[in-house]
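Peer 1: My structure is below; once you've seen it, I'll send some questions.
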Amino acid sequence: MGEERATVLQSESLLVREGAGENSSSVTTTLVLSTFVAASISFGVGYIAGYTSPTQSVIMEDLGLSIAEFSLFGSLLNLGSILGALVSGKTVDLLGRKGTMWVLYIFYIVGWLAIAFAKVPWLLDVGRLLLGFSNGIAGYLLPVYLAEITPKNLRGRFTAGVQMMAILGLSTMYIVGPFINWRILALIGIIPSLVQLPLLIYIPESPRWLVNVGREEEFETVLRSLRGKKANVFEEAASIKDYTDSLKRLSGGGMLDLFQPKYYHSLIVLQHSGGSNAYTYYSGVIFTSAGLSKYVGLSTLAVIQMITAIVGASLIDKFGRRALLLVSSAGLCFGSFLTGISFLLQGHHLWSEEARILALISIWVYMGSYQAGMEGIPWVIVAEIFPINVKGAAGSLAGLTGNICSWTVSYNFNFLFQWSSAGTFFIYSAICGVCVIFIAKMVPERKGRTLEEIQASLTTSP
């Protein structure tokens, strides 16, 4: 086995050098259309995530829900995401990236219809669970699909740009949500799926998935359509095929392959325990509890999120994943600490007006920092760092761990907030501080390289 591994690694080093000739600047119609479809799914993901923030009080009043019942409703998005994450890797590997998109639309449409026409709490919960299941799969599918179809110098920006559409969906909900009936909001959520369905016919499957399942003739056609008719794709195609063949000889690609030191940093960075879901799902309650207008808070937050997301997307390929993650996680730590300070001041009736302003600014800092880096970059890393023979298992494990943490945060937030509003955010700040240390110690930089180069460097590193 040692000789075989050495032979494979030597082959990988040669292949990735040959793959350096990848046409890294092509932006074709096929690539743009494929990215648009992924962006539409991403918009729906963000729209779903923001749904509970402007609608909590009216849904509780209309259906007579208690705090515990609404907390369950809100957290079911993460519980569904856990279930979706469990099957995401195998589903995407079995049905293909494009085939999985067809399945997602069915769940999205049924989920929103269940919420829109719910007369009893259990139907509301079923709809939320279905939407969460779809989000759990989409969270893995989108960055993987984009990483596998985009040239290396555009991969970070394209993936971050699609992630920015999730922020646009979230911001749209924050802006219009307080002024539209919650049932109508649910029906509006169906629109992205209806727009995407006819476009799915025209987008290609991932070329790396095609070669992995042995559809090599179709693989070359798809790769040329993505890179352009005049592009020289022979070196890139040979690199992808030979590298995939070497992985098949080296490993079967099971879950146990992930528990190696070279992958530890990818798993750790996907922890979502620092309060992001609390801010996202319940920002309306946080604003109101801080003595601020929910409408002013949500609308200004939407603008801040969009600005920071655009900045993050434009900088990811220039400064790299690691630098943005460090800045983003430090901002999360600082923002949640300031939120805790603002509630601590209000609890002691000190500087009440200044404390309200501090609460508003701190939420801007937290959510702006999150959208600039921690929202999407961990999934860019997962899409880049795992070779295709373990990518399915990696997606399931990463999504599972992340969504378990997210569910814990979203379900317990209302209870923690009643226990101690300031203490809740100090806990989040401490967790984000630990995250900064993890990133500084365990996350290397991988920008500007093909997927095969990144994965070969991991294999050859000690």
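Placement of Cβ uses the backbone N, Cα and C atoms for every residue, glycine included.
According to TrEMBL, the domain 'Major facilitator superfamily (MFS) profile' annotation covers 30-447. If you look up TrEMBL, you'll see 31-51, 63-87, 99-117, 129-146, 158-177, 184-203, 295-316, 323-345, 357-381, 419-440 marked as transmembrane segment.
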Peer 1: Do at least three C-beta pairs under 8 angstroms join the transmembrane segment (295-316) to the transmembrane segment (357-381), pairs 6 or more apart in sequence?
Peer 2: yes
Peer 1: For the transmembrane segment (184-203), could you work out the same-chain residues 6 or more beyond its ends whose Cβ comes under 8 Å from its Cβ atoms?
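Peer 2: Here the qualifying positions are 30, 33-34, 36-37, 40-41, 43-44, 47-48, 51, 55, 98, 101-102, 105, 108-109, 112-113, 115-116, 127, 169, 173, 176-177.
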Peer 1: Which range out of 99-117, 158-177, 323-345 gives the transmembrane segment (419-440) the most CB pairs under 8 Å?
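Peer 2: Answer is 323-345, with the largest number of Cβ pairs below 8 Å.
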Peer 1: Between the transmembrane segment (158-177) and the transmembrane segment (63-87), are there three or more CB pairs that fall under 8 A, provided the residues in each pair are separated by 6 or more in sequence?
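Peer 2: Judged by the Cβ rule, the two regions do not touch, with the required three close pairs absent.
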Peer 1: Over the domain 'Major facilitator superfamily (MFS) profile' (30-447), what does the predicted model average in pLDDT?
Peer 2: 82
